[in-house]
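What TrEMBL records for A:14, A:15, A:46, A:47, A:78, A:79, A:189, A:190 is substrate binding site. Summarising the annotation, TrEMBL assigns active site, proton donor/acceptor to A:77, A:188.
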């Protein structure tokens with residue numbers, strides 16, 4: 001029985017491909033763990049959708065992962081975390097980890113002057129999730145939030161550097177440059193792919209926090225705490241699923257993860273117009 | 001009932017004053033939490049003692065904290081963590097956090113070239129605790145371990161900088177300088193007080209990991225995960241206890257924590273010769 005439990009995988013869900021930045025860190029920080037990933041590429045992005053729809057879609061992904069007998073679920077999407085995390089923790093009897101709190105806690109740990117910047121999608125910034133999480137933990141913190149709509153399209157187009165990208169990033173982030181932030185949370189799982197350019201624009205004195213890195217660290221801590229760590233010496237056989245075109249998914253995932261990925265297509269209920 | 005639980009403090013124990021570096025980070029990262037600290041200054045150091053004695057002493061401190069109805073226990077001492085953590089997690093029905101695993105996990109997260117250095121007391125280094133923890137999580141890692149006996153006496157004497165300290169640190173750490181480490185774990189709760197000198201000696205490209213910082217981050221994650229966070233807006237009233245001379249303890253604690261500390265003396269069983 002114990003052995004069966006130890007062999008179970010970590011389930012990771014995302015509205016699309018952004019959660020693969022979390023997977024990459026999980027693979028690096030927890031190389032003995034198996035991962036089952038599902039990206040809802042068919043219905044991506046979740047950001048502009050109504051609350052009930054995000055809730056229903058996310059629960060569909062959770063049910064899919066539960067059918068695979070995962071030992072833990074990582075909601076590797078800021079939007080889905082904001083909408084579903086609390087309820088999922090209540091209803092499931094396995095640990096559920098979101099991406100917002102780990103990033104917020106790491107920022108509180110990292111800041112020296114208590115001035116923290118947060119960038120994310122329009123939906124994430126408008127939800128005030130990071131600000132709420134930061135204040136919940138640390139109380140007196142100056143938070144500077146900024147939506148960066150041009151960033152996700154850049155990443156999805158594979159445009160990660162060059163003069164044009166630098167100009168767009170610099171222009172978008174300009175409102176934060178007058179702040180005293182010493183720490184900047186990349187509050188969207190797509191953004192770490194732009195981290196070198198963002199770091200260059202904000203300068204070396206601003207500490208960037210990537211949700212993926214911090215979430216993977218918390219996954220490691222919770223696995224240990226719950227004694228759910230995988231201790232096998234076999235190479236993990238990760239599984240990838242996507243609800244949309246798997247050819248595009250495979251190309252992006254193979255490139256980002258630096259190893260061949262062949263996803264399986266999963267049918268989900270149609271997109272409401 | 002819920003409210004009572006939320007008001008309970010975090011218990012922190014150490015063989016002496018070194019665990020105050022963990023307390024300092026807990027106070028910074030979790031400013032809404034109350035802390036009850038006990039330092040076994042009378043029987044410090046634990047390092048050279050036999051296993052059974054360390055076990056018995058640590059359990060005495062745990063029992064003391066349990067009598068104060070704490071909601072979580074942090075073993076802020078590497079030696080006590082190595083000896084008691086596993087058993088304490090089994091026997092207690094509140095979360096117990098040690099200082100070794102958080103440091104090891106943070107090092108795995110931080111390293112890029114998988115070459116990690118560890119410095120600590122003779123006992124900690126000889127116990128191989130960090131090496132075991134690092135390999136348990138990450139498998140293929142090059143670990144360079146080094147005992148640094150002169151460091152604790154320097155810290156306890158309040159000698160934290162200056163030419164003499166720099167010379168001692170440089171001479172002690174020299175065996176690590178030929179390694180390719182990009183990350184160095186400060187595997188003793190005293191060492192963060194020497195961090196500026198150590199950083200200067202190893203150079204800016206080596207990332208220092210402080211157990212205190214990382215342990216506080218994990219405490220924050222586990223409190224959230226177990227829904228044990230304190231959400232009161234009152235200023236926490238920390239309590240400090242020491243088994244030895246409280247005058248010396250108060251002077252050190254007041255200086256390190258940057259706020260007035262008045263510890264209460266606690267009687268423990270005598271020191272076996």
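Cβ atoms here come from the backbone N, Cα and C positions, even for glycine.
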* If we count other C-beta atoms within 10 Å, could you say which of the active-site residues A:77, A:188 has the fewest? => A:188
* **Sparsest-packed of the listed binding-site residues (A:15, A:79, A:189) - C-beta count within 10 angstroms** => A:79
* Asked: Taking the centroid of the Cβ atoms of A:14, A:15, A:46, A:47, A:78, A:79, A:189, A:190 (substrate site), which other same-chain residues have Cβ within 8 Å of it?
  -> A:16, A:18, A:19, A:44, A:45, A:77, A:80, A:121, A:124, A:188
* To do: Note down the number of other Cβ atoms within 10 Å of the Cβ of residue A:78 (substrate binding site), including every protein chain shown.
  => 30
* For the binding-site residues A:14, A:47, A:190, work out the Cβ neighbour count at 10 Å and name the residue with the minimum. => A:47
* What span in Å does the substrate site cover, taken as the longest CA to CA distance among A:14, A:15, A:46, A:47, A:78, A:79, A:189, A:190? -> 14
* Asked: Within 10 Å of the Cβ of residue A:46 (substrate binding site), how many other Cβ atoms can be counted across all chains shown?
  -> 22
* To do: Based on DSSP, name the secondary structure state of residue A:47 (substrate binding site): helix, strand or coil.
  => coil
* To do: Take the C-alpha atoms of residue A:189 (substrate binding site) and residue A:77 (active site, proton donor/acceptor) and report the distance between them in angstrom, rounded.
  => 7
